[in-house]
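Colleague: What follows is a structure written as structure tokens; I'll ask about it next.
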Amino acid sequence: MKIDGIPYRSIWLKDDGWSVGIIDQTRLPHEFRIERLTTLGDAAHAIKAMLVRGAPLIGATAAYGICLGLRADTGDAALENMSETLIATRPTAVNLRWAIRAMRELLLPLSEAERVSAAYEKAAQICDEDVAINSAIGDHGLEVFRQIWEAKGKTGKLNILTHCNAGWLATVDWGTALSPIYKAHDAGIPVHVWVDETRPRNQGAHLTCWELGKHGVDHTLIVDNVGGHLMQHGLVDLCITGTDRTTAAGDVCNKVGTYLKALAAKDNNVPFYVALPGPTIDWEFEDGVKDIPIEIRDGHEVDYIQGLDRTGAVSEVRILPEESGSANYAFDVTPARLVTGLITERGVAEASKEGLARLYGQSVYKAS
Ligand SMILES: CSC[C@H]1O[C@H](OP(=O)(O)O)[C@H](O)[C@@H]1O
């Protein structure tokens, strides 16, 4: 996507042909800082500390992390260690496992002399495939939006609520949930986006608002808990979110708070769509609530909130008493019964085993 007219991806190979560029998302929206990854450790840190985040981008960063690690050691044992280091960074987004599995499957049969070049080629392919997948999700989602817009009589704005950031910053480009929003905007449909701030890391306030603003899309930041009220008063025409892992039966794991939004949408007959790239489907699991590991992050993210202080410096302030503790569950699972449809790169699927099987046949992205 473009930032002030300059095209960017969220991750790219630098001009030296081997180091990797990323946007440090922990500093947005107040500072646009590019970081250069030169080692496996850099890539693992970038994922763990959320300089990069979002399931597809985590997968792409892990793929380049393998490339950087192989520059130091191309042996089988090293490849195993790199994979374990990267898998340990974050437990929920299935793309991480899928990308590492794809790299290992490719590299293990090769001679050590062939591995570095093959790894970089595969990492670039994973990135390009992600861009194509997300653009296709945008095309299919645009048709869903167009139908809802026409059913509304093309009056006012198409009011869309989204949670967290599933934009181009969460992927290599286009985004998943935001891809149809960009395409609808570009197609002349007057979209307006209610952006959940998305505590505790405020990906909505920091990232989604920044992205939509850069693309000229009308949006309003809202606190996480007002979405139900807006739906009760007819101010939301549809909800769309991303996902970090969706089971073969259509249960959707996404940023914490998504489930509550889906419950409110169901109660108010508001369509609730999930933008789902194929590599984010976990074909091994069916019961998301039971099976998907939910990341529990450091309580510091709950205890402090980050922003720009009156001097213009980025700082953080503590929001609870010193003696109070906090809990930081990073994701939740929305059962398939609450999902109106899964917007994939292959079309819109019913959130069910049959719906996904109709689009994907056998599983093509096995993570384990
Ligand atoms: C297209 S994946 C976006 C997905 O990832 C986010 O989680 P995090 O920022 O913790 O990586 C959130 O769940 C988004 O919906």
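Every residue, even glycine, has its Cβ placed from backbone N, Cα and C.
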Colleague: Arg53, Gly54, Ala55, Gln203, Asn254, Lys255 bind substrate in TrEMBL, but which of Arg9, Arg90, Arg101 does that record place at the same site?
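Modeller: Site partner of Arg53, Gly54, Ala55, Gln203, Asn254, Lys255 for substrate, according to TrEMBL: Arg90.
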Colleague: Under a three-state reading of DSSP, tell me whether Gln203 (substrate binding site) is helix, strand or coil.
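Modeller: SS state of Gln203 (substrate binding site) = helix.
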Colleague: How big is the Cα-to-Cα gap, in Å, between Cys164 (site 'Transition state stabilizer') and Ala55 (substrate binding site)?
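Modeller: Rounded to a whole number, the Cα-Cα distance is 12 Å.
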